[in-house]
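Undergrad: Sharing a structure with you now.
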Amino acid sequence: MGSPGLRPELLLPQVLPLLLALLHVLPSQGFPGSGDSPLEDDGVWYSHSLYKDTPWCSPIKVKYGDVYCRAPPGGYYKTALGTRCDIRCRKGYELHGSSQLICQSNKRWSDKVICKQKRCPTLTMPANGGFKCVDGAYFNSRCEYYCSPGYTLKGERTVTCMDNKAWSGRPASCVDLEPPRIKCPSVKERIAEPNKLTVRVSWESPEGRDTADGILTDVILKGLPPGSNFPEGDHKIEYTVYDRAENKGTCKFRVKVRVRRCGKLNAPENGYMKCSSDGDNYGATCEFSCIGGYELQGSPARVCQSNLAWSGTEPSCAAMNVNVGVRTAAALLDQFYEKRRLLIVSTPTARNLLYRLQLGMLQQAQCGLDLRHVTVVELVGVFPTLIGRIRAKIMPPALALQLRLLLRIPLYSFSMVVVDKHGMDKERYVSLVTPMALFNLIDTFPLRKEEMILQAEMGQTCNV
């Protein structure tokens, strides 16, 4: 057994007071790894620098960042008390916390730091479109814009979240640049209706369609609308539609109208021609008449037929041949029905002054009489020496007497009677009448108004 003086249980009471005194004497020196801050006491020769090369704080590791530490002067360990560390985040990450950490006496660094991935502002969803991103709005995420059908992308299609937390390029938008679609109908050539120069043409109005939102704001038609009567010729029809973006779509087509024609007819010599419609188109009717003193021979009217040939025969105007050999006055008047007007001048003797003066005035106004289809009939004398004369033709005394009796013309005095084309007694005179007064009367007759229009078209006039 060993010496009793070396037994531990015997030495402990003697050593313990010495250890306590030692701890009391050196409180400013600290203990490596204790975390206690040393006291700066000039009276103690132990210096803080004694522990400057002793690991103190835990090593720093920053995810997605780099740490650059500087140990206290003369030190080696970069976790010693007083070590300063600069923190830098890698590209695309940003520092949250202090950019410089100091190893403190409490064995803790002066701050907690973290490198977080940078994030760009959330992109605005474009109207009528959208976008798709690889990694949301984080750094280096790539987003691609797209547009709904009918819309066109305006701006950059692809943007990337950059290191400055901004997106590359400007935000894109979706605009309606595509014009609306419209399809016009196909209208075949049309033939004008009978006796007309037009034809009614109808079609279904085209319906436009917008490729974007399907909404059209306006439809404009240039040309005649469907259901109109189109005249002969080539007609351009144009439809224009607009969408809400003011894009326009247009379609065009033509309506061609053809008039079937028989060829122009001419008025007969010494006659008139009055035609309906355009005068030679399918269904047109041409009516013919002759000037005073002439009779119509041939067809009084001709029609342009579907085979483009005129009906009837070609008319002509022949000088009127009055038959004075008829047996009755009525038969004589029938020859003038709807052809001529009559001015019957009756006198008991050729020496009658009123008769002679009146006949002289009528001879000077012969053009006006012919223009108004007036035939002068002279009844001179008293039966049985009565003479009836129509220009160069002499009627029998008995026929002349019948005419006086039929029209109730006085036998023994000067008298004049105006008879219209329907055989009606229109006016009587017992004294002289000027040609102008006579013409003014005749010009009021219903048939005369139509004649005046035709004569004006033909250029037939007189100075009286």
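Keep in mind that glycine also has a Cβ here, set from the backbone N, Cα and C atoms.
Since we're looking at a predicted model, the values are computed, not measured.
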Undergrad: Consult Swiss-Prot and report which candidate among CYS115, CYS120, CYS133, CYS184 shares a disulfide bond with CYS161.
TA: CYS120
Undergrad: Which of these links to CYS290 by a disulfide bond in Swiss-Prot: CYS275, CYS286, CYS304, CYS317?
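TA: If we follow Swiss-Prot, the cysteine bonded to CYS290 turns out to be CYS317.
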Undergrad: Considering every residue in the domain 'Sushi 2' (118-176), what is the mean pLDDT value?
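TA: It averages 91.
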Undergrad: With DSSP as the yardstick, break the domain 'Sushi 2' (118-176) down into helix, strand and coil residue counts.
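TA: Residue counts for the domain 'Sushi 2' (118-176) by secondary structure: 0 helix, 24 strand, 35 coil.
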